[in-house]
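The next block holds one structure in the form of structure tokens; read it before the comments.
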């Protein structure tokens with residue numbers, strides 16, 4: 001773990017997460033706040049169109065930034081994704097901690113910038129997540145769990161290096177998963193599925209009402225996604241003890257599929 005801490009590539013990855021998170025939050029939440037501006041009285045027809053625009057903004061920004069910095073940091077841009085990859089034994093504990101810190105600080109910085117730019121907006125929530133009227137904490141938690149589960153499941157499947165059937169754009173697939181989560185959750189919770197993004201808005205607005213939902217829900221969803229993918233859908237035959245070593249060493253071994261039958265159980269072995 002100490003050796004990873006000393007590597008320039010490690011710190012470049014942390015900086016990439018920080019900068020990409022600033023761009024992600026600024027673009028995504030900025031698109032949502034734009035609906036409050038009476039620019040030439042240009043208002044959309046209804047809430048449904050608003051939801052589609054915001055969902056696409058969040059999804060496309062993730063896809064764009066994943067393509068931009070994915071080769072540097074992996075472009076997690078979400079503590080729930082980072083936790084999922086940690087539990088999947090693909091990153092070290094040190095990297096996970098530093099990524100989550102970078103993501104949270106980046107979200108705060110981006111939201112602070114937005115606060116200055118949109119200071120004239122009345123009742124400016126800065127995209128703060130909150131439960132919709134009639135939605136209780138249990139329901140909101142369930143929505144956040146499901147929305148994050150499908151996202152982290154998509155990340156695990158799309159980045160699985162054992163697969164030989166992958167085609168198209170991985171970043172786009174993940175971005176569409178983010179958009180899908182927003183189409184589901186916006187009307188219930190404002191759609192968190194990203195604790196750092198929720199944290200930034202709560203910090204700047206000094207409002208932490210029901211904020212725990214937007215950490216606990218995504219973390220449970222991310223953990224469930226790992227359980228489902230790594231132990232049920234695509235089990236790994238490599239020794240769990242060896243995989244857990246990644247938590248301290250930060251080294252991920254390359255694996256290949258064992259067997260040509262696409263319907264057979266996925267097996268892994270070091271190259």
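Including glycine, each Cβ sits where the backbone N, Cα and C put it.
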Residue 30 vs residue 204, membrane side identical per Swiss-Prot: yes
The number of other Cβ atoms within 10 Å of the Cβ of residue 249 (phosphoserine), counted over all protein chains shown, is 12
Please list, for the topological domain 'Cytoplasmic' (85-92), how many residues fall into helix, strand and coil according to DSSP. 3 helix, 0 strand, 5 coil
Top Cβ-contact partner of the transmembrane segment (209-226) among 12-29, 49-67, 93-111, 136-155, 166-183 (pairs under 8 Å): 136-155
Which sequence positions outside the transmembrane segment (166-183), separated from its termini by at least 6 residues, show Cβ-Cβ distances below 8 Å to it? 51-52, 54-56, 58-64, 66-67, 70, 75, 147-148, 150-151, 154-155, 158-160, 191, 193
Between the stretches 49-67, 93-111, 136-155, which one has more Cβ pairs under 8 Å with the transmembrane segment (12-29) than any other? 93-111
Tally the residues of the topological domain 'Cytoplasmic' (156-165) by DSSP class, grouping H, G and I as helix, E and B as strand, and everything else as coil. 3 helix, 0 strand, 7 coil
